[in-house]
Amino acid sequence: MVDLDSEVPPLPPRYRFRDLLLGDQGWQSDDRVQVEFYMNENTFKERLKLFFIKNQRSSLRIRLFNFSLKLLSCFLYIVRVLLDDPTQGLGCKELNRSCSTNQNYTPGTIDWSPIIWVNRSLPLWGLQVSVAVISLFETLLLSYLSYKGNIWEQILRIPFLLEIINAVPFIITIFWPVLRNLFIPVFLNCWLAKHALENMINDLHRAIQRTQSAMFNQVLILISTLLCLIFTCICGIQHLERAGNRLTLFDSLYFCIVTFSTVGFGDVTPKIWPSKLLVVIMICVALVVLPIQFEQLAYLWMERQKSGGNYSRYRAQTEKHVVLCVSSLKIDLLMDFLNEFYAHPRLQDYYVVILCPTEMDAQVRRVLQIPMWSQRVIYLQGSALKDQDLLRAKMDDAEACFILSSRCEVDRTAADHQTILRAWAVKDFAPNCPLYVQILKPENKFHIKFADHVVCEEEFKYAMLALNCICPATSTLITLLVHTSRGQECQQSPEQWQKMYGRCSGNEVYHINLEESTFFAEYEGKSFTYASFHAHKKFGVCLIGVRKEDNKNILLNPGPRYIMSSTDICFYINITKEENSAFKKQEKHRKNHESKLSYHGASRLPVHSIIASMGTVAIDLQDTGCRASSGATLALPPDGGKEGRRPSIAPVLEVADSSSLQTCDLLSDQSEDETTPSDDEVSAGLEYAKGYPPYSPYIGSSPTFCHLLHEKVPFCCLRLDKGCQHNYYEDAKAYGFKNKLIIVAAETAGNGLYNFIVPLRAYYRPKKELNPIVLLLDNPPDMHFLDAICWFPMVYYMVGSIDNLDDLLRCGVTFAANMVVVDKESTMSAEEDYMADAKTIVNVQTLFRLFSSLSIITELTHPANMRFMQFRAKDCYSLALSKLEKKEREKGSNLAFMFRLPFAAGRVFSISMLDTLLYQSFVKDYMISITRLLLGLDTTPGSGFLCSMKITEEDLWIRTYARLYQKLCSSTGDIPIGVYRTESQKLATSESREMASQSQISISVEEWEDTKDTKEQFSYRGNHRNSTSSDQSDHPLLRRKSMQWARRLSRRAPRHSGKTAEKINQQRMNLYRRSERQELAELVKNRMKHLGLSPAGYDEMNDHQNTLSYILINPSPDTRLELNDIVYLIRPDPLTYVPNAAPSRKDSFCNTVGQDTREETQL
């Protein structure tokens, strides 16, 4: 064992305990050298320099003292002038000179003695000498401290020369008393006071560590320069005129003001040439100095207008304001923000401070000069990364800060990085200021999770486009819900659909506490579906969700098992909030209604009393069968048609019972398509599991219960157009899909595209209705993205572009249900802003012409460009809608584009229309959460989901929307929120003058055609179908015959009246359009044959141009249902009704997922 004592060295002598007590005696003999730093600052000169110059506070005190001395010297000069009498001639007596006491002025001669000598009393002389000595000493000391090797630089400075002129003569009079009454130009100290004031202001800003205002300094310099000029001229003229007119100070002041203002009355003028010379010199100085000062002031004023100045601290503390931080401010973004922000009544007194690093452009400047905005909006040019600019905007006193990303940037990731830094800077500067942040890429969300409200553009965009494929016009539905409108658009239109559509567009989401509500207070202790149905029946409001007082999660349609509590927050859809509503009881209507009630049986009680007394017996009236989730239909009751009676609908129960609910357990696979899979599915291994995706492409994605594969698909099998060792398919037709495709055309496979797939593979979508998804990408996806999508069934990708017809045909566009065209990032930036959508619009127009039956959903950068979607230059109805849009915009509507047919039908969407979602969150902090739940981005346990059902012929017995509401609430617990209606264009046949005046009338080609023309067209169409299968060389002959017929029609035109000529012109255009479509169809079929594809599924003659679609949000209860109406539903969460015991058919992967569904999954 090693001896530890031998290894540890002894302590040095000076570290022993004895040395600690007695001191280290050997320290003096140590070799160490003590080094002292900054010895140069310990000198006497450096200490004086630190006190007089370097230290801001002490320097400020010295400047203030010097400024006071200069003002005192000027004041003493004025006192001396007021006490002086030039007729005494004191200076001459003291020099023993004979001077004449006759001071009368003789022309041509000047008596210089009153100019050289003055009457200065002894106390006044003592004060002036004291001030001069102190001033000279301070000047010499500061010159010594500022000396840097060049003595002449210090001596020849104008302030130094003025100080010598004003101070040295007084010091001389101390040693030579006979010169005590010598004139000294002390009034020149005003220029030294001006110089001291400028230095004092600089030191003041340095001392309080605030940025000095260049405008304030320049104004101060200008005013002080003007005062010094006037004061110098007054004192100079007064003193020189002692030998002339003997003017007083007031006379001199009067003369200077009249002279400098160019008025020149001439009643007071200088009499001797020195006075005249001084006036000339002062005017020349003023003409040189003042324009320079005014020029600098004007320049600073222009720069101030560009930068915006400051938002005053007093206004920030007494008024409320919000700050809008953007990297570049466009007129569309500004108007969207202002219109939406000030649409709320309680925000009318708020100020908006815009903080932007770029200079204000001409359009924004013109808008902000409008009186409505000039008093509310303040533009500041600055950066959110600078505390000085944040202080100018008074960010610490702001009610909120909106940080918007620049979506027009080519590099959207770089734009997100700038947004993140802005959010961090604002949070660091004003931790208590609420943040409303817009981000572009979903992978950047977790950097700003501290923000109060975050809207990720790509998340919302792709989820909305995905729901558009299964719930038509979801994008229009959400856009109308998040826009503020009174529902007064187009109420004077002669067309009924425009009135209904405009009125229903005013519906928004509001909230209220149940116990404070007139709408819902009476439903406390009753089920949610009961409250929703009866509130809609009684008040016309649609209750869609609730939130418990002790829970932050919002539940959309929690189902009939949820019991309403007095502390619940209710969320409902209505034209206006309850606080702005007035309630009028319709007594007369109620009496008439009661008199018409039918009585049954001997009890003679009304029907509603019988049902109320039955209690749970009413359950027997309901259909307890499990309703299929696919293609929901409302079956006619078995005895509904007997004896001519109207079919009855079961009442909605106050408290739900387990036997009354149609609990379609989507997890137990009880539907027919899932319990009995076909042989093809078994052989192909298409049995899907349900669970959470095991891999998420980015941090912050909300987990969603989905249809998944048992094993992930190899990456090679995800490529649609190339075969591999697992399959040999090279086009979509070879796969033999049972359902139609959903094709997404995008530039890159970003992480946001993951949110397109998830809603289409959600667990509540029936397996037999899953549509194959094909991603048509310009650039190959990375492995990171493929690893995320390989677990989803029937998801493929293909590298290609919508510019290439061959790529479109390979990916299966001929039998696709929907084609989603995503705006490309590389085209979002253009020299002309609105041209960013040019390529997308033209490509979609080509698709629209080639595949007229294809449902195309397009994303645009600018909403104003949606008027070019499916553009038809000769369509009178589209031209009338264009005029209507202009009229609505002139009326101040925020939704002027809503009557465009592509937008109303949900075929076009712009992500900028969702900017209002972030703006509305300032007033409605729940809007982002509700929108995410509707789009399926968040899945809260117990919250419902958005789906749709189609009204078929079997469902028309329901007749009205109110009865549909009752049927859904009593059977499945679904809550309808709107109707998507498609109808043919019932075009009026009025004169063109009337069309121009009403702006909503167009001409129908089909209505103008007579029977003969119709037969000719049908025969022509049949001939064409036969000709398309023949050789292509026959087509020019057919076209030539068509043009010959058109020429014959044109030659016959003069024989008819104006209406007949218009009919023939429409026929000719219709013929030309049909011929052009045949050419396009021939082109498509030839390309399909060249690629080895069968043209059987291509229908080139399917034309939906004469139909229009629109949305009715929360229509009135008496709205009639029509065939093919699509009803938007919020369906209860199926997991809420799942029994505790897990089904035996569940695999282990799904079982592990089932336990997590009870936990909160909201981000």
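The chain as shown is numbered from 1 upward.
Quick reminder: no glycine exception, Cβ is built from N, Cα and C everywhere.
Automated prediction, rather than curation, is the source of TrEMBL annotations.
Straight from TrEMBL, the features:
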- 319-455: domain 'RCK N-terminal' (DOMAIN)
- 739-879: domain 'RCK N-terminal' (DOMAIN)
- 1006-1038: region 'Disordered' (REGION)
- 64-83: transmembrane segment (TRANSMEM)
- 125-146: transmembrane segment (TRANSMEM)
- 158-176: transmembrane segment (TRANSMEM)
- 219-240: transmembrane segment (TRANSMEM)
- 277-302: transmembrane segment (TRANSMEM)
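Same-chain neighbours of the transmembrane segment (64-83): 118-121, 124, 127-128, 131-132, 134-135, 138, 166, 186-187, 189-190, 192-193, 196-197, 200, 231, 235, 238-239, 249, counting only residues six or more beyond its ends whose CB sits under 8 Å from a CB of the stretch. Residues 73, 125, 128-129, 132-133, 135-136, 139, 143, 182, 184-186, 188-189, 191-192, 195 of the same chain lie 6+ residues outside the transmembrane segment (158-176) yet bring a C-beta within less than 8 angstroms of a C-beta in it. For the domain 'RCK N-terminal' (319-455), the mean pLDDT of the prediction comes to 90. Listed by sequence, the residues of this chain that lie at least six past the ends of the transmembrane segment (219-240) yet keep a Cβ under 8 A from its Cβ atoms are 74, 77, 81, 115, 183, 185, 187-188, 190-191, 194, 197-198, 201, 247-249, 251-253, 255-257, 260, 270, 272, 274-275, 278-279, 282, 285-286, 289-290, 293-294, 297.
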